[in-house]
Each structure stands twice: as structure tokens, then as C-alpha cells.
Amino acid sequence: MRQSEKRSPSFTEKLLRTFWNGARPLTAAEREEIITELIPLSSPGFDFFLLVVLSTSIATLGLLTDSPAVIIGAMLVAPLMSPILTIGMASVIGDSRMLSSALSALLRGAFLSVFLSFALTIININLPILYLQQLPQEVISRTHPSPIDLVIALAGGFAAAYALTRDNLSAALPGVAIATALMPPLCTIGIGLAFNNMDIAAGATLLFITNTVTIAFAAGMVFFLRGFGSRRIRKERRLPQSLFLSAGLMTLLLFPLTYYSVQFFKDANDNRMIREVIIDNVTRLNGSELDSMSIHRNPEGLEIVLTIRTNRLLRYDQVVSLQEFLVKELNQPVSLKVNQVFAERLDPLLPPTSTPTRTLTSTVTLGPSPTSTSTLTPTQSPTATPTFTLTVTQTLTPTATSLPQQVQVGPVTIPPLRIYQEPGGPVIGYIEVGRPMYRLYRTEIYQGLVWIQIRDSENRIGWIPEVYLRTVTPQPGATP
């Protein structure tokens, strides 16, 4: 019987063989070189803390200015990635001293980052360098972690640890640092504490813990597959207990992440339904258009603030009817506030039509003509001797009246300051630095800031925070 020819390997076999050859266990010399490289990272010095300070400053200012490009620059520095990878290595090889040193470095770097971002935000609020009338979107986006963030951190940890074990893959580390994003969540914690918003701080804390635990687990798994670990573990070919512990922590983190995700999707679905109901009803009221909508949930129900554009202002009874309809449709208490922006639409192709208006005109009415009559004329009689009498005359005394005070936007305000229709309400315009305006007489306190009413050079009357203004001192002029 003729011996059959040797079968060529399939595509799957070639793929597995290529992966196995690429992920083969490292030699003892290669493992020793990588451990030697990671040991200094577990006991950081001046360079590590300097990078933490610089990265925190970049990330905090990027979050406050709502600039994704600046935040990406902070991610590229990524000083906290090294201690996390060292934790993964120490948990696999069983080096308790390296593990405690790396944990200490991570905690010190994290607390320094939170404190510095807190201080920068407080300084900004009180100077101010940037105006913060509401939290930027880049801050809010880091307060709702989900299982997707866990998967991203898992893939990023695998990539970072594998690139560390391959000399020719060091170029991939910057991309991994951007994907895992360790520094922005820490800075978001500091910003939330500065604004006394515990929801912001709690959500960002959960995101940072998720990223840290997941990256450490993924790094430990890669190091184990590359041949790291004690001789007994390598001989028995079993996973270290530390990896089981990390996997357990990841499983526990899935519960709050899933809860946040379900709650987020539920709120998003409710917001979409609420928006559809509001748009459908607002358009029926004088042909108005919905400009913006904000929804806040509290134990008492929903707080909805609407900003609409209309060419005919709504009446009070119309707003009450809208609120009653929302309560009936949503089946929960609703507190409704409506900000109206008067906007008249003009079309060059449709000239306005003349509308007759009533005017008052004077009319001359003819009356009877005068007739002559005889009138008795009195004769002059002697007069009494004149006497002097005191006559009281009134004199005008000028009194000081308060006039609007001229003010200007501070020279360090970036970007142009917004004018609001009311504190926290819709934006009605912008004011450039140095542009004169007048401070009116009304003041209110909203979200911890003192708001004042102003009138700008275009005669727009609105509200802005007082901290962003400086008083203009009148200069003495020449006296004729």
C-alpha cells in the first residue's frame, strides 16, 4: 500500500502556529531584562512625580476648556501606566516587595493628581482664568462608566504588556496610553470635588478603579503566558492565585458598571420620549420651536427647563396646560420652567404686508358765535396802605442719583464671555474682552456664583457671573 502524501496545514493551523511562535515564552535572560527594567518604575523618584504634575495640569486644563486635543496630550504622558504594569508583573512572579512599592507609587501619584486638579479648579473658580458657568461635556462623559470601558481597558492592558515584552513594538505604547486614559478620570475626581458634586467624583472614581484593576489583570495574564512566574507555577502549568484575585475583582466591578449602563440607557430612552412629547406640544403653542432642554431627576420628580424660540410669547395659562399634559403623559411629578426667546423670522422673498393700525386725529367742531352784551364796569376806589409780608420761596437742592456702573470683562477671561437671559438660562450673546458695558441693579446667586444683570454696548440686557468683571474707573477730563 502506497504511503499517503503529507497534508498541508490549514489556514487556522497556520494562524495558531504564527500566534504561538509570536507569543512563545521568553528566555531567562529576556525575562530578567524586563524585570530589571520594571524594578525602578516601582520606586519612582523626581521624574515620576514631575510627569504626574505635568500630566495632571494638562489634563485638568483640557477638561476645563472642553478640549479633546489637550486631553489626548495628557494621555500621552501616562506616568501611571508603569506602576500598574509593575503590579501585574509582581503579582505573577510573587515579589511582595515590588508589589507594595508599585502600589505605593500608584496611590501617591493618584492622590497627587486629584489634589492638584482640585487646586487648579479652585484657583480657576476664584480668579477666574476660565469661565465655568456649567460643567464641560468632557468632564461629564467620564462619569458614566460601562462594561465597554472594562473591555477597552482589558484590550489596552494586553497591548501594553505585550508591547513591553517585544522590543519592536514600543511604538504602540502611546496609542495604548490614549486608549486606557488613566489621568483624565483622576482629574475629573478633583474637578467634581471642587464643585462639591459627589456624583461626578463617584463616577470618575469607578472609571479609574475599573481601568486600574483591568489593566493589571491583563498585564499579569500576558506576563504569565510569556513565561514569567515562579518555577513551581511554571512546572505545574497553573495560573497564579493573584490572577484569580484580579479576575474576581473584575467580576465584582461588572455589577456597578452594568447598573450604571442600564440606568444610563434607561434615562436616555426616557429623555428621548420626553423630548418627543415636548416638541410635539411646543410646536402647537403659537408655532414655537424648541431650542434646548435640560432634565434633572430628583426624588420629588422631574425638573425640566425648556428654552424655546417664538414670535408670540406664551401666556401663563399655556405653560400651565403644558405642565399638566407632561404630568399626565409621563405619569410622574414634573416641575417645568420655560425660557422664551423672542425671534421674528424674515424672508427676503416674502416682504411684510402692511397692517392697518388705529391712530388718533384731532377734529375741529364749530360752535355758536359770540354775541355782544352790556357789562358793568367798576370804578376805582381808594386802596389801603401797602404792608410788607414775608414770602416763602422754594429752592432746588440737587440730590445724587445712582447710575449704572460701567464695567468690563476681565483681561484673563478665555474664551469670550457668554450673556445669559437669566442665571443658568439660554445664551443670548457674547462679550469680548475689554468691551464696555453697564452693571444694572439686580443680583442673584446661582450654583455658588453671584450673577449680576448688565446692559452691553448693543443694548442687550442679560446676566453674567460677577467674578468675571472689573470696574472701569472714570478718568478725569479737561475742564473748559
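Including glycine, each Cβ sits where the backbone N, Cα and C put it.
As given in TrEMBL:
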{"type": "TRANSMEM", "residues": "46-64", "note": "transmembrane segment"}
{"type": "TRANSMEM", "residues": "70-93", "note": "transmembrane segment"}
{"type": "TRANSMEM", "residues": "105-127", "note": "transmembrane segment"}
{"type": "TRANSMEM", "residues": "147-164", "note": "transmembrane segment"}
{"type": "TRANSMEM", "residues": "171-194", "note": "transmembrane segment"}
{"type": "TRANSMEM", "residues": "200-223", "note": "transmembrane segment"}
{"type": "TRANSMEM", "residues": "243-262", "note": "transmembrane segment"}
{"type": "REGION", "residues": "352-384", "note": "region 'Disordered'"}
{"type": "COMPBIAS", "residues": "355-384", "note": "compositional bias 'Low complexity'"}
Recorded stretches the transmembrane segment (46-64) and the transmembrane segment (147-164) touching, at least 3 CB pairs under 8 Å: no
Stretch of maximal Cβ-Cβ contact with the transmembrane segment (147-164) [cut-off: under 8 Å; candidates 70-93, 105-127, 200-223, 243-262]: 200-223
Selection from 70-93, 105-127, 243-262, the stretch that has most Cβ pairs under 8 A to the transmembrane segment (200-223): 70-93
Folded-back contacts onto the transmembrane segment (70-93), same chain, C-beta under 8 angstroms, at least six residues removed: 34-35, 38-39, 41-42, 44, 48, 51-52, 54-56, 58-59, 61-63, 99, 101-103, 105-106, 109-110, 113, 138, 157, 160-161, 164, 173-174, 176-178, 180-184, 187, 212, 215-220, 222-224, 228-230, 240, 242-243, 245-246
